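**Student:** Quick paste from TrEMBL:
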ACT_SITE  D222  active site
ACT_SITE  H271  active site
ACT_SITE  C386  active site, amidino-cysteine intermediate
COMPBIAS  184-195  compositional bias 'Basic and acidic residues'
COMPBIAS  197-209  compositional bias 'Polar residues'
REGION    183-209  region 'Disordered'
Amino acid sequence: MVLKKDTTTPSTMSSPTIISASNEYSPLRALIIGRAAHSLFPSEPPHMIRATMPTLHHPEFRPHHPFPADIVAKADQELDNFARVMTERFGLKVYRPKEVDWAKANEGRGGYTGAMPRDGLMVVGRTVVEACFGWGCRRGEIELAYHDVLEDIMEGAQKAGESVRVCRAPKIVGADTLYDGLLDDDKPEDRKDGAKQNGTFNSQNGNQTTHWAINNTRPAFDCADFMRFGTVLIGQLSHVTNPKGVDYLRAVLPAPYTVELLNTTDDHAMHIDATILPLRHGTLIYCPSRVTEEELRRHEVFGDWDLRPLPWNPEEEEEEEEKDEGPPRYMCSKWLALNAMSVDEKTIVVEERQERFARWLEEEFGMEVVRLPFRHVNSLGGSFHCATVDLVRKEL
Ligand code: ABU
């Protein structure tokens, strides 16, 4: 198939070295890799945990509850190993966040983790955008763990004579209203379908209505609800991303970047990076229980792409990890294999126990698959895509 060239990537860029990324798959040069130390189960209200987290693990989500120490220690070993492979084998520049005691974050309320930077930071062209986190326990995460990385980036850009913009999230002044009308002890009349009170918003997809766990009273979004495809970002509304968050993102992105929303059928939507996985320009894998090919094709950017559903349903499979009693996936769905990270259009990093997925990528798409251990990082909420932020991807 002849594919339209990626004409959407701005051509004004001249080999930048500090910050430059307009897609998820062109050759990676620099990235952030997270850090697991002191990770706590995120403490958010029960309605949010019910909406987003696997039922079996709900009791774990309580204030000041650390993830098991052995899981966190092994997750840090996996992250360190991943960083070493990226540096030594692929020659990439790797930035790491500061170690933070998350129990003391948010004036003692507690934070979550430094292992999932993709949720909080996104590079679009030469702009770094910080998420307006919906989860209160994540507020301050970027400042605490990534301040030094952002300073290094700015310093590096200055030295290299590159113009880089870092767009930090606005501070919330006064009480946060994002859960108003949605908490379990709010009055039921405030939670009616389509209620205008308190800015509650629902999404309609065919016959299905999703009742989101946040309202639309202020901008909220996680960066991991968006992916870059040249000058078009494809994103989704979710339990952590609301319409005002999308408007905010549209407003802070430099021209000519735009945001289009994918209508997913995922009642538990939180982060788009186990729903779609672009392997290279022109080829994308998707989760067929969360999005349809028709919906993807509605977006011009995918018009002539080879769009492939994952041909088996991981929800119906006995998991490798269950067979050998791997660490619990407290926060992730069974589609997590799709949360892989591309080094370039032919090379992708996949969790080493996802052998069926790895072989499919090799045999069906001719990918070179780098298999690395990451199951303890998976326990904390994501895989290689979640645990990274790509800072520089070379122009195609
Ligand atoms: N934080 C990304 C996880 C996505 C998923 O489990 O489906």
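Cβ atoms here come from the backbone N, Cα and C positions, even for glycine.
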**Student:** Determine how many residues of the compositional bias 'Polar residues' (197-209) DSSP places in helix, in strand and in coil.
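**Tutor:** Breakdown, helix to coil: 3 helix, 8 strand, 2 coil.
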**Student:** What's the CA-CA gap between D222 (active site) and H271 (active site) in angstrom, rounded?
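**Tutor:** Cα of D222 (active site) to Cα of H271 (active site) measures 7 Å after rounding.
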**Student:** Going by DSSP, give the three-state secondary structure for H271 (active site).
**Tutor:** coil
**Student:** Which whole-number value in Å describes the distance between the Cα atoms of H271 (active site) and the residue listed as 'active site, amidino-cysteine intermediate'?
**Tutor:** 9
**Student:** Within the chain of C386 (active site, amidino-cysteine intermediate), which residues six or more apart in sequence place their C-beta under 8 angstroms from its C-beta?
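**Tutor:** Same-chain residues close to C386 (active site, amidino-cysteine intermediate) (Cβ under 8 Å, separated by 6 or more) are A115, M116, R118, D119, A224, H271, D273, N339.
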